[in-house]
Amino acid sequence: MALALRCLRPVPSLLLRPSFAMGRGLPQAPRGCPAPLLEGCRQCVQQMLLSRQLATKKAKGKGQSQAKVNISAALVEDIINLEETSEDMQAVIEALKEDFSRNLNVRTSPGALDHITVMTKDGKFPLNQLGQISQKSPQLMIVNMTSFPESTAAAAKAIRESGMNLNPEVDGTVIRVPVPKVTREHRESLAKLAKQSTNKSKEALRKVRSKSITQVKKFKNSVSEDTIRLLEKQIQQMADEAATEMDKLLAAKTKELLG
């Protein structure tokens, strides 16, 4: 018993000086301490020092926002291409911007119809490749389908289902598209469409994030758990930043549409 107490006496002073213990190694046990007991002492001290360090880190982080992860892409290029992940997320944002610009305007213009996708027996084509689009008056647009008359019905259907609140009327190979009045109801309808488009874009963003995290997890048996965890956190952080940018775009578009 006396020998055991002699072995444990140095522990409190060690805990007060973790840097000394970690830097120079643990001190030897007092003279006469048997080897098995010495090993036990060292293990206890190491465990207590580790617990103290972890507790200190948690205390410092308590009440503070988590530090942002910023892993060098070059260091993990054998695991995942973070630059490619970032580009894929940015592509989703750019697609949302383009959708807002083309399809969600208070006043419908001929340019808004250009890229409506028409499903034909030969495949999908933008409307402006099948018909000639023009504006006859502020209240009426015309789509002339003379070049592809067989696609007139499909084009009218695509316009109707474009989400722009348009009700085309077919007259032979000509499609008349009345421009809706700018009413409060129309503005609110566009704002609702903007919200729906943003939700779809966020779903696409989640797919990019999930794909990247799945790629990282393939290496869980060849790299450390800490590396996997940091990469997952980095990817989630990138996705969160992209989602925040989408929310800002939606807020600005909603303000523009509702006036």
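Placement of Cβ uses the backbone N, Cα and C atoms for every residue, glycine included.
Residues of the same chain lying 6 or more positions beyond the ends of the coiled coil (221-248) and with a Cβ under 8 Å from any Cβ of it are 68-71, 76, 79-80, 82, 85-86, 89-90, 92-93, 96, 198, 201-202, 205-206, 208-209, 212-213. Annotation comment: TrEMBL describes 221-248 as coiled coil.
Annotated domain 'Ribosome recycling factor' per TrEMBL: 96-258, in sequence order.
Confidence in the domain 'Ribosome recycling factor' (96-258), given as mean pLDDT, stands at 91.
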